[in-house]
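Novice: Below are the features I grabbed from Swiss-Prot:
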type: TRANSMEM; residues: 4-21; note: transmembrane segment
type: TRANSMEM; residues: 26-45; note: transmembrane segment
type: TRANSMEM; residues: 59-79; note: transmembrane segment
type: TRANSMEM; residues: 96-116; note: transmembrane segment
type: TRANSMEM; residues: 122-142; note: transmembrane segment
type: TRANSMEM; residues: 148-168; note: transmembrane segment
type: TRANSMEM; residues: 201-221; note: transmembrane segment
type: TRANSMEM; residues: 242-262; note: transmembrane segment
type: TRANSMEM; residues: 274-294; note: transmembrane segment
type: TRANSMEM; residues: 326-346; note: transmembrane segment
Amino acid sequence: MNPLILSMIMATIILGTLIVMTSSHWLMVWIGFEMNMLAILPVLMKKYNPRSMEAATKYFLTQATASMLLMLAITINLIYSGQWSTANPLNPTTSIIMTLALAMKLGLSPFHFWVPEVTQGIQLSSGLILLTWQKLAPMSILYQISPAINMDLLLSMSLMSVAIGGWGGLNQTQLRKIMAYSSIAHMGWMTAVMTYNPTMALLNLIIYILLTTTTFMTFMLNSTTTTLSLSHTWNKTPLLTTTILILMLSLGGLPPLSGFLPKWMIIQELTKNDSIITPTIMAITALLNLYFYMRLTYSTSLTMFPSVNNMKMKWQFNSMKQTTHLPPLIVLSTLILPMSPMLMLLE
């Protein structure tokens, strides 16, 4: 893609998200979502092939349906209140429809089916944008309407998302699908605490984006998309491959890595609010995520796949890609846990 066109498209994606996050008018929020959706379609189709075309079509149909539901909710709210302001309290019907629309945009269960399929059909760089930046706009609106959200609806979707995010990733060998199911599970954790403590949900979103960005960047550096190709990177960049495995354990939520912090804080917040069954179920289903990450770590580090002799010479060829941005990201993605007392004071 032409760099000038790509920069214009990326600027439109950023502008659309910022419009959603800063608007106090519901129509401008909807326009921001539409700008963002239409601008990201060329990014998804950056590598022109049938898989990317199919992925972009699935993404468009899902997001268009979600936008239609969002406009329906905005219209009902306008009929009831006569105001376009986002600061105006929502009535229960509007709140339910808007929550469903945002859940579809985020990929929460039972609207999660598009996330693994779309992520698998696009490039790693496009997948990074899809699973990180594209979560900001819906989460910001969810944050704004959090006092009016139907708690039972959101908690049920959260529990289903955590469970499906764990079950779905168990049988996968494609790294992009594993990251997609991990994203579904993380969204479930964030939305579970949204009605109790929205600020904590945003803090967890930041940690999730940090972990996912670092993992995707290491995949892009090694050009790895499957478990098999990940195991072959030992010959080329052994230190970076070790880092990838630690990052995956962090994404799975294994202490004392950074990924354990969001789960710890969310379980603590839910138990403070006399919710015992929900965090118990979430903690048990989180073991599924940890299991498939540990299995992936085991299969790539402790077992060697068959490889031809010329694979053993990969270490002689240095990568020309810049890696200066990776060390600080890796440190933050693995060693944030000691900062937890300070982060808890910020709430």
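Even glycines carry a Cβ here, placed using N, Cα and C.
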Novice: Out of 26-45, 59-79, 122-142, 148-168, what stretch is closest in contact terms to the transmembrane segment (201-221), meaning most Cβ pairs under 8 angstroms?
Specialist: 122-142
Novice: Same-chain Cβ contacts of the transmembrane segment (4-21) under 8 Å, 6 or more residues past its ends?
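Specialist: For the transmembrane segment (4-21), the nonlocal Cβ contacts are 28-29, 31-37, 39-40, 42-43, 46, 129, 133, 136-137, 140-141.
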Novice: Between the stretches 26-45, 59-79, 96-116, 122-142, which wins on the count of C-beta pairs under 8 angstroms to the transmembrane segment (148-168)?
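Specialist: Ranked by Cβ pairs under 8 Å, first place goes to 96-116.
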Novice: Residues sitting near the transmembrane segment (59-79): Cβ under 8 Å, six or more positions beyond its termini, same chain?
Specialist: 26-27, 29-30, 33-34, 37, 40-41, 44, 88, 90-91, 93-94, 97-98, 100-102, 104-105, 111, 114, 118, 130
Novice: Which residues of the chain, 6 or more past the ends of the transmembrane segment (26-45), have a CB below 8 A from one of its CBs?
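Specialist: Same-chain contacts beyond the flanks: 1, 5-6, 9-10, 12-13, 15-20, 52-53, 55-56, 59-60, 63-64, 67, 70-71, 74, 77-78, 84-86, 105, 118, 122, 126, 129-130, 134, 137, 141.
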